[in-house]
């Protein structure tokens, strides 16, 4: 209940509030007992005089105003009784989390049918729908653009979604799977397994040669080839990768962290640990469905 | 420290100023009750659509970004109030303030049902009777109807009034519509029916600071004590009172006063400048065959120095008034110019923060931006996106976008600059949006293009 580690400050506020309300009531009552003498013409003054002749009139306030003051006290007490103001949940049981959930539910009931309609459709059909495309784009800009960029072309460490290169497969269902459950890609540190710095450098140059990179040193590459056997378990014999386990294809020119020999050596030495968070629970399947269709359409001609 | 309220039963005043007030009542209320029913471009001419956050004022559509115009409107109102008050005192209170206007309407209804002042006072004194009950019920019913109509009209400014009108037949208002119709109706009924002068005396802040705009040359409703005193009962030789002054102490000026004061005691903060006492006194002066103007619009200086009407008019053009005029003119011209030059198109450029700049094939550099585009006009437009500021800078994505009327959309774009086009680090560029069908419709925003090391 309390947001504080002990209950003192909670109590402090409760006491202040109660004393405040009581104080107002007592002051009001005592002042209302104070009678103003009947008068004809100007009322008396408070006795204060400034600037020689400026005096303050002792004008009584209208009775209805007095009642308004009492009403505010009644209102305040009722409010504290109904809402959580005195450290308990309040008679109405209101809280902001509940209100937020209610608003979410309202929005879902409003837009839910639209997403539900698309969920019934095949992902490729959804991708071809202009309205779904527009919704997908907005969802992407809101939830995905922080990592993958507004244009979905990614960043260092964050895959480009507009090309044909996929770590876990680019089929519509594979993309949906990725967004729903997230992915965790781990490249273990291989420095110790490969041997010396020299060996690591040689392997890096061999890796470069797989994609025909001009940066690859042919001699180092030849030496590195034999050591590459350590990498084959994941990246395959020709370094073409394995989408089932998310091992990247090393034989193309697409690099997640950069395609220089230094970067590859760093990858081999320290390994990489990359996470795509799961959005299934957060966004819900119907929204992910539309989003998946949009992401798939980024690298596939749909219209 | 309180006192019970003393009921005021204002007598009806007839005369030049009363007619003027009724003219104001008609003008303001025709505008208030009529405006929501006007149609413009196939929609309600004046509609403050809070759900979609768009304010429609005839041909003008204001967005939340145009909030400055609301501030400008308030400044104009303030300057106008200062100006009018400095020149002519509390004429706003007496003739145009909603509290006065609705009280006038409610008083009229009261008069139609309960009769003139004396009849109303007698009815109030009377014990409970069927006649009193029926009259009071009729009065409150009539008040209630006017109040409900007022509340209904008020909500009609925020939700389409024709839909609201249709809903009212089945009472199918939404919860907020119910709340505001009833709340505004209750406020009207309570303020104009019950509170009346109490609002002016105890609640209105304007009554408290009006004096800072007053000076000795401000027109005020004032009693000519030099001419009136010593007051007394009317003498046989019609005209003067028995004591010699023009005031015959008929108390008509007190009876017509809606705030229940005696203007002969001098300027008081309760005086709302409605000039009902002027009308009343003039008609009495006519009867006793004396010149009008024992109570009149005049100035403090004119009263003490005995100035003519011409002198008063000449004193109206004093520095204070001229400064208010200049301020008002300045703001009006500024707002008018700004509104006339306004382009119904807005754009925000948001640079992607995830990546600085990326190198693509051939050493060219790409930067990613998100353009938040708002088509604030009511027509659909096709816009051309262009970027300048670096040699060879061009869009790598589609350079045209179509937005429907009043649509807002985020458009991701990629800009590409050839290798060596700019300095390493940030380069200032301009992104421009131009309507294809109307080149005058153009906005440009500065942005930064980053060339990585």
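Positions of Cβ are set from backbone N, Cα and C atoms, glycine also.
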Given ranges A:64-82, A:83-101, the stretch to which TrEMBL attaches the annotation transmembrane segment: A:64-82
For the domain 'Cytochrome c' (A:131-211), residues assigned helix / strand / coil by DSSP: 45 helix, 7 strand, 29 coil
For the domain 'Cytochrome c' (A:214-299), the number of residues DSSP places in helix, strand and coil: 45 helix, 7 strand, 34 coil
